[in-house]
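Worksheet: one structure, shown below.
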Amino acid sequence: MKNKRSQNSPYVTPNNPYTTLEKALGYSFKDKRLLEQALTHKSCKLALNNERLEFLGDAVLGLVIGELLYHKFYQYDEGKLSKLRAAIVSAHGFTKLAKAIALQDYLRVSSSEEISKGREKPSILSSAFEALMAGVYLEAGLAKVRKIIQNLLNRAYKRLDLEHLFMDYKTALQELTQAQFCVIPTYQLLQEKGPDHHKEFEMALYIQDKMYATAKGKSKKEAEQQCAYYALQKLKEAK
């Protein structure tokens with residue numbers, strides 16, 4: 001199953017449809033099949049998809065980003081470092097890094113996901129980013145992943161510190177809705193699936209009994225934060 005968007009891109013070459021992606025990433029895959037697997041969502045119903053690579057990438061990125069923050073923010077205690085890491089090691093954080101290399105343009109998704117703009121969904125895009133980094137790790141090792149992540153953090157964030165990077169979207173939204181509607185948001189679990197070691201939660205956010213957002217995450221807290229982020233954006237656009 002070929003990616004039509006990639007095929008029609010003016011940057012694609014016949015022998016390597018991922019030339020521009022690899023250039024943006026700063027790494028050229030030796031095994032293009034590994035790259036294709038990292039970009040293939042399970043909705044394609046192919047023999048190989050990116051779920052196993054996503055599992056590995058989650059662990060690799062947690063280590064790499066934790067190490068980078070440990071060395072960069074020597075003045076932060078464990079609590080602050082954990083908050084900072086939580087802002088990056090999340091669907092929202094990885095989506096931001098993925099979009100820095102236009103990863104969404106290269107994903108292989110089913111026609112139904114294409115119609116529903118699946119390639120833009122944080123749950124799909126962030127998972128593909130984790131899988132991509134796992135592929136780099138398998139071929140080139142931890143040092144190469146570390147270099148790529150450092151470059152992407154510099155490109156994706158104007159400032160990398162606790163004040164500007166980590167924002168408690170739930171608190172920010174609650175303050176806004178109390179001021180604007182005299183109510184606080186409520187959250188409802190829509191779906192919980194997957195094995196214990198790889199859970200996925202889908203939450204919905206309501207304001208005055210109206211659904212404002214839904215989001216998925218690896219924990220209820222992450223999904224709620226993502227919902228709050230979407231709701232904040234929607235309320236800002238409505239002003």
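If you go along the chain as it appears here, the first residue is 1 and each next one adds 1.
Glycine too: its Cβ is placed from the backbone N, Cα and C atoms.
What Swiss-Prot records for the Mg(2+) site is Ser127, Glu130, and among Glu51, Glu54, Glu200, Glu202 the residue it adds there is Glu54. Neighbour counts were taken at the CB atom with a 10 A radius for the recorded positions Glu54, Asp58, Glu130; the maximum falls on Glu130.
For the domain 'RNase III' (18-141), the predicted model reports an average pLDDT of 92. Annotated pair Glu130 (active site) and Glu54 (Mg(2+) binding site), C-alpha to C-alpha distance, rounded: 5 Å. A gap of 8 Å separates the Cα atoms of Ser127 (Mg(2+) binding site) and Asp58 (active site).
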